[in-house]
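Colleague: Can you read through this structure? Questions will come right after.
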Amino acid sequence: MTDLPLLDTDGDPASTRVVVAMSGGVDSSVVAGLYARAGYDVVGVTLQLYDHGEAAHRRGACCAGQDIYDASEVARTLGIPHYVLDYESRFKEEVIDRFAASYASGVTPIPCVDCNRTVKFRDLLATAEELGARYLATGHYVASRALPDGRRGLYRAAEEARDQSYFLYATTAAQLERLRFPLGEMRKADVRALAAEFGLPVADKPDSQDICFVPGGDYAQVVQRLRPEAAEPGDIVHLDGRVLGRHRGVMHYTIGQRKGLGIATPEPLYVIAIDAARQQVRVGPRAALSVSAITIDDVNWLGDIPFTDALARQADVYVKVRSTRPPVPAHLARATDGTPAVHLAVGEEGVAPGQACVLYDDAGAAARLLGGGTIMRAERVAKSVAEVA
């Protein structure tokens, strides 16, 4: 039998209600099974986030029609109540509209962060409270542990390849008190083994891959429908001012992109900046991608001292500027205009406005999440065209 994780709750299980956010996948289904088998008063909730009829033919997308059916079948197997909540309008406003607006303005969004910050945690926690639940549990791969001062902290997952802490940096300290992530200390193989032990019909269901509301990964289709100006063609301009060609619309490009530029040059060129107001995509050599400092906005801080103190002390941190990158050493500071900034010990490439700059206390596999913010601006290591020529 597979070892069971610590469910980390207070009180008698039978009198403790736990709402489990059930996407219809194996991870959240196992979470529901863990709490149900331990004797908790479990209520399964699945969010209808968009017109699932349009997406029902697709595999690999969260909460499409098949996923809602799968979640209900898991709940039936476990003998727990299950509700489907229509969150479509708030999901469109908080996630899809922001996603399209970001691409139209030349920045690269992370819709999963917006969804976790708003629909899944802010709104679903409120719904859990209305249902009389003490906790909301999800199938995210991130660890939540009690801190010495009684608060809770977030840590990278035991299985590094599955770690989702980057996407959960905006989770607030208050939310952490009521959130539980039992899979953070587990490995995926053990989760699937538990699904089989519990007799769950989704034990062999493939993992989701795409952004849930993007058919087949074609995000441009979504953006163009909502913000057609993002598909307007414009100039591809070298950092030295030369116009090298035409682009297909700013929504097709992101910082660090090399493929798909459609221009022939003797040296490889990369997207360095996107000026949506001028409908320009600016390109240059790889050396121009290296960034030494980042300013951030909408900061969520989970550290032990106030964020203002951490800035004043220029606290050492480790940062991830993309979910697939390892944490790198940096320190906090204030930019000349007073906004929070992160100074990198070594230049990082592909730092894109709109993406997340996520802070940790070290670079290890068990690092604690200290928070993060949205990237506003990036200061390149090379200050002039001559330096990268």
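A Cβ is built for glycine as well, from the same backbone N, Cα and C atoms used for every other residue.
When I checked Swiss-Prot for this same protein, it listed these features:
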BINDING   Ala21, Met22, Ser23, Gly24, Gly25, Val26, Asp27, Ser28, Leu47, Gly139  ATP binding site
ACT_SITE  Cys115  active site, nucleophile
DISULFID  Cys115-Cys212  disulfide bond
SITE      His140  site 'Interaction with tRNA'
ACT_SITE  Cys212  active site, cysteine persulfide intermediate
SITE      Gln355  site 'Interaction with tRNA'
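Are these features on the surface or tucked inside, and what are their neighbours?
Modeller: A 10 Å cutoff on Cβ-Cβ distances gives Gly25 (ATP binding site) a total of 22 other Cβ atoms nearby, all chains included.
Cys115 (active site, nucleophile) falls within a helical segment according to DSSP.
According to its DSSP assignment, Cys212 (disulfide bond) is coil.
For His140 (site 'Interaction with tRNA'), the same-chain residues that are 6 or more apart in sequence and have a Cβ closer than 8 Å to its Cβ are Asp27, Gln164, Phe167, Leu168, Phe181, Leu183, Gly184.
All protein chains shown were included, and the count of other CB atoms within 10 Å of the CB of Cys212 (disulfide bond) stands at 22.
Around the Cβ of Gln355 (site 'Interaction with tRNA'), a 10 Å sphere holds 24 further Cβ atoms from the protein chains shown.
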Colleague: When you look at Ala21, Met22, Ser23, Gly24, Gly25, Val26, Asp27, Ser28, Leu47, Gly139, which the record names as binding ATP, what is the longest CA to CA distance in angstrom?
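Modeller: With Ala21, Met22, Ser23, Gly24, Gly25, Val26, Asp27, Ser28, Leu47, Gly139 as the binding residues for ATP, the largest Cα distance is 16 Å.
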Colleague: How many other Cβ atoms are found within 10 Å of the Cβ atom of Ala21 (ATP binding site), counting all protein chains shown?
Modeller: 24
Colleague: Calculate the distance in Å between the alpha carbons (Cα) of Cys212 (disulfide bond) and Cys115 (active site, nucleophile), and round it to a whole number.
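Modeller: It is 11 Å, counting Cα to Cα.
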Colleague: May I ask you to report the DSSP-based helix, strand or coil state of Asp27 (ATP binding site)?
Modeller: helix
